[in-house]
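Pulled from TrEMBL:
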REPEAT    29-61  repeat 'ANK'
REPEAT    62-86  repeat 'ANK'
REPEAT    101-133  repeat 'ANK'
REPEAT    134-166  repeat 'ANK'
REPEAT    168-200  repeat 'ANK'
REPEAT    240-272  repeat 'ANK'
REPEAT    282-307  repeat 'ANK'
């Protein structure tokens, strides 16, 4: 019988031939034929190699095993076959870590959203909550990538919900919110995760989950936080002091921006008018930020909501100055139409919008 580890091929080498060593690694990364077959999902090739004496658990020069390679690509049947073929004398090391990143097979499967593979690894005794060199767990990776079914499975296996890798920067609810993964965020909240995590459980210089959600254009996600009691008017980032509307404006997210404007009275009607023009840190308003970024649709929506064209405190620059300097013609037209005198306004260094545009 012949075998090709690279898939269908017109030339195969008989594995029973005395010239064939199924455990001969290449000269580059010291990878074995079973590594290549497992990574590519060639079940029959893996089976043939194992039947003819291939080591089921070889490690290449990067610390990667055939099991790790198969799990990374979600090749469930190959993962199962390798685990089942692990001999008593040399059982499969299900916890082998890659040299780069110190990641295990379950990290890779969870990140890819391969539910059945993660389930199998857990059933075979894999630890549900290992940390890689950055402190990332399979649960964190699954949350980041929106793999709600894997998140649910790992929750049931006892995974920590508040792990914050990269020197305590962001928890799973933060990264899921940042990526706009509604179902993962909902699952986390339903499982008891606070929509406003305590500052001592992560680096509070980072925005809250709600503010990160406003960097997407996922209105349903923003609404979920509102429904769970988040104060959408007064929630601000610790260092920049930016509010939700600032984040939406920076990203050009018209739908979320309108949602925030429509719902501000539901949260704190007393600050509703001020919120549209709320000055943060150096005095940049949501309108100022949108004009700077060239998001004309957001500029138009904010002007319609009654936003004032306020300058920043240090530079005394108006929104029109920023739009003109960055070449955002559509924004300049909207701003000048709303307030014609803006075109001749002078900032701290004596420049007008026309001068900055030149």
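Every residue gets a Cβ built from N, Cα and C, even glycine.
Keep in mind that what you see is a predicted model, and the values were worked out from it rather than measured.
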Quick tally over 29-61, 62-86, 282-307 of CB pairs under 8 Å to the repeat 'ANK' (101-133) gives the top stretch as 62-86
In the same chain, residues at least 6 away from the ends of the repeat 'ANK' (168-200) whose Cβ sits under 8 Å of its Cβ atoms read 139-140, 142-148, 151-152, 155, 161-162, 206, 208-210, 212-213, 215-218, 220-221, 224-225, 228-230, 235, 238
If one takes Cβ-Cβ under 8 Å and requires six or more residues beyond its ends, the residues near the repeat 'ANK' (282-307) are 243, 245-246, 248-254, 257-258, 261, 273, 276, 313-315, 317-320, 322-323, 326-328, 330-331, 334-335, 338
Helix, strand and coil residue totals from DSSP for the repeat 'ANK' (62-86) stand at 17 helix, 1 strand, 7 coil
